[in-house]
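Asker: Structure below; questions to follow.
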Amino acid sequence: SPSLRAAAMAGGPPPPLEPSPLPVFREEGFLDKFLRKTRENPLVPLGCLCTVGVLTYGLISFQRGNIRRSQLMMRARILAQGFTFAALLGGMVVTAMKSK
């Protein structure tokens with residue numbers, strides 16, 4: 001199809017592209033992303049910290065033989081996990097509402 005190529009070249013060069021302002025993005029590192037997400041929804045990291053704290057205390061109680069306190073802490077861990085999950089879902093709903 002050399003004749004098609006020759007016909008296209010006979011029309012001259014294509015018009016120059018208009019320089020459009022392109023957004024400039026910088027690479028976001030782990031710490032930057034973590035801090036941004038924490039600012040957007042501070043309840044999720046708080047819930048994670050509570051869950052880990054209660055779990056750790058429950059395991060220490062279990063190791064020391066305090067079964068009653070260990071069981072209480074495992075139940076509290078479930079509540080902390082539920083709070084974290086609810087905060088995560090709530091943050092997703094808020095983000096979805098903002099994008100509309």
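Each residue, glycine too, has its Cβ placed from N, Cα and C.
So TrEMBL lists the following for this protein:
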- 1-22: region 'Disordered' (REGION)
- 12-22: compositional bias 'Pro residues' (COMPBIAS)
- 15-100: domain 'HIG1' (DOMAIN)
- 43-62: transmembrane segment (TRANSMEM)
- 74-97: transmembrane segment (TRANSMEM)
Asker: Looking only at the domain 'HIG1' (15-100), what is the model's average confidence as pLDDT?
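Answerer: The predicted confidence over the domain 'HIG1' (15-100), as a mean pLDDT, is 91.
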Asker: Going by DSSP, how much of the domain 'HIG1' (15-100) is helix, how much is strand and how much is coil, in residues?
Answerer: 65 helix, 0 strand, 21 coil
